[in-house]
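Here the structure is laid out as structure tokens; the discussion comes afterwards.
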Amino acid sequence: MVDGLNTSNIRKRARTLSNPNDFQEPNYLLDPGNHPSDHFRTRMSKFRFNIREKLLVFTNNQSFTLSRWQKKYRSAFNDLYFTYTSLMGSHTFYVLCLPMPVWFGYFETTKDMVYILGYSIYLSGFFKDYWCLPRPRAPPLHRITLSEYTTKEYGAPSSHTANATGVSLLFLYNIWRMQESSVMVQLLLSCVVLFYYMTLVFGRIYCGMHGILDLVSGGLIGIVCFIVRMYFKYRFPGLRIEEHWWFPLFSVGWGLLLLFKHVKPVDECPCFQDSVAFMGVVSGIECCDWLGKVFGVTLVYNLEPNCGWRLTLARLLVGLPCVVIWKYVISKPMIYTLLIKVFHLKDDRNVAARKRLEATHKEGASKYECPLYIGEPKIDILGRFIIYAGVPFTVVMCSPVLFSLLNIA
């Protein structure tokens, strides 16, 4: 029993691919952010701790209210619907789906999405680690998800909400700028975007992953990222800093600076890995754009958007395997071999792995608590950054060459 709740048989794992997992953690200190205030007071600056204490007012009593709402609408169909639609905010979804607009002639739109998504992920991860606020507790909630990994992050802000907000605003902005479309078509497309948005955002509450503060703060981050991207894109159209020789150095340096100076959480939280991935993608697409404009590599800019279903299918059948082969087959062994064997960087992965092993095999009361912050190996940060920077190179530089050779450009 925990706070009057029966905790027997409280963790239910899916037995088939189609069924989501139902997680409850009776030892709530195993989830980050749930320790008493003294745990954070000694590990935070006074300013940071005071902000956290003020925000706790919005999270302390949310779990039972959210649990009643979840119980009211819980069904097998909703479990499947909201867990699988949540994949539209997942890491793998972006790896496979973000390249597609590039192959159909929408490179600039993809750049907009990469900037908005990349900085939404970074800022939401930064504030998660800065505030160290807990997710709603389960029990009384059920965390309905396809992966236990995501349940071990802090709560606010919601990165799913930040992404959905920024991208939905971008879609709506582009829809209402389509002068060749009728108002009826624009309204229909807007309804589709809003349906996507409501599904992704309210799904976070239904799945027991986030509370109201998480959604509001995530939404604000998405709005800010959209406004900043649009402001710089249209306010300084003639600046063209991406055409200067130093721009790739600045892009890579800026991305790595943001990552190596990222705020340190108090407890272990895996969301930093997504920040590394997206900062790599941002830098990668900037460097590809620079190569295209400085050296005249224009194949990606010449791809025709209205190409018919045969060419559309052909580009997908050629482009997607290229991305999968780079990301999931050759990139990791190649990049780590170069970093360790050629550039002689120290491989510090074993040190972090040993610390994690020790943290998860504690004796006594401490084995019922999440470990304190251990951090990512420096070689993993650099390696992951380069691997994900390689995804835009595969999409923007390699795939259009293959399209041209196969006469599907």
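Residue 1 is the first one shown; counting continues down the chain.
Any Cβ shown, glycine's included, is placed from N, Cα and C.
Residues or ranges marked as topological domain 'Lumenal' in Swiss-Prot (evidence: a curator's inference): 1-86 (among others).
For Thr16, the entry in Swiss-Prot reads phosphothreonine, with the evidence type a large-scale study or a structure entry.
Annotation source Swiss-Prot lists phosphoserine at Ser18, citing a large-scale study or a structure entry.
Feature annotation from Swiss-Prot assigns topological domain 'Cytoplasmic' to 108-112 (among others). Mean predicted confidence for the topological domain 'Cytoplasmic' (108-112): the pLDDT average there is 93.
The feature region 'Phosphatase sequence motif I' is assigned by Swiss-Prot to 128-136, with a curator's inference given as support.
The topological domain 'Lumenal' annotation in Swiss-Prot covers 134-182 (among others) and is backed by a curator's inference.
What Swiss-Prot lists as region 'Phosphatase sequence motif II' is 157-160, and the listing cites a curator's inference.
Listed as Cβ neighbours of the topological domain 'Cytoplasmic' (204-207) (distance under 8 Å, sequence separation of 6 or more from its ends, same chain) are residues 66, 69-70, 73, 78, 82-83, 86, 143-145, 158, 160-161, 214-215. The topological domain 'Cytoplasmic' annotation in Swiss-Prot covers 204-207 (among others) and is backed by a curator's inference.
Around the Cβ of His210 (active site, nucleophile), 26 further Cβ atoms fall within 10 Å across all displayed protein chains. Under the heading active site, nucleophile, Swiss-Prot lists His210.
For 229-245 (among others), the entry in Swiss-Prot reads topological domain 'Lumenal'.
Here the topological domain 'Cytoplasmic' (267-276) has Cβ contacts under 8 Å with residues 32-33, 35, 91, 121-122, 124-126, 128-129, 132, 149, 152-154, 159, 258-259, 356, 359, 370-374, 376, 380-381, 384-385, 388 of the same chain, all six or more residues outside its ends. Under the heading topological domain 'Cytoplasmic', Swiss-Prot lists 267-276 (among others), citing a curator's inference as support.
Swiss-Prot lists 298-315 (among others) with the feature topological domain 'Lumenal', giving a curator's inference as the kind of evidence. With DSSP states grouped into helix (H, G, I), strand (E, B) and coil, the topological domain 'Lumenal' (298-315) comes out at 12 helix, 0 strand, 6 coil.
Taken from Swiss-Prot, the feature topological domain 'Cytoplasmic' covers 337-384 (among others), and the record attributes it to a curator's inference.
Assigned with DSSP, the residues of the topological domain 'Lumenal' (406-409) fall into helix, strand and coil as follows: 0 helix, 0 strand, 4 coil. As annotated by Swiss-Prot, topological domain 'Lumenal' applies to 406-409 (among others).
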Which residues of the same chain, at least 6 past either end of the topological domain 'Lumenal' (406-409), have a Cβ under 8 Å from a Cβ in it? 299, 302-304, 311, 314-315, 318, 400
Distant-in-sequence neighbours of the topological domain 'Cytoplasmic' (108-112), which means Cβ under 8 A and at least six residues beyond its ends: 98-99, 101-102, 170, 174, 229, 233, 285, 289
Report, as numbers and ranges, which residues of the same chain sit near the topological domain 'Lumenal' (298-315): CB under 8 Å and 6 or more residues beyond its ends. 102-107, 288, 292, 396-397, 399-401, 403-404, 406, 408-409
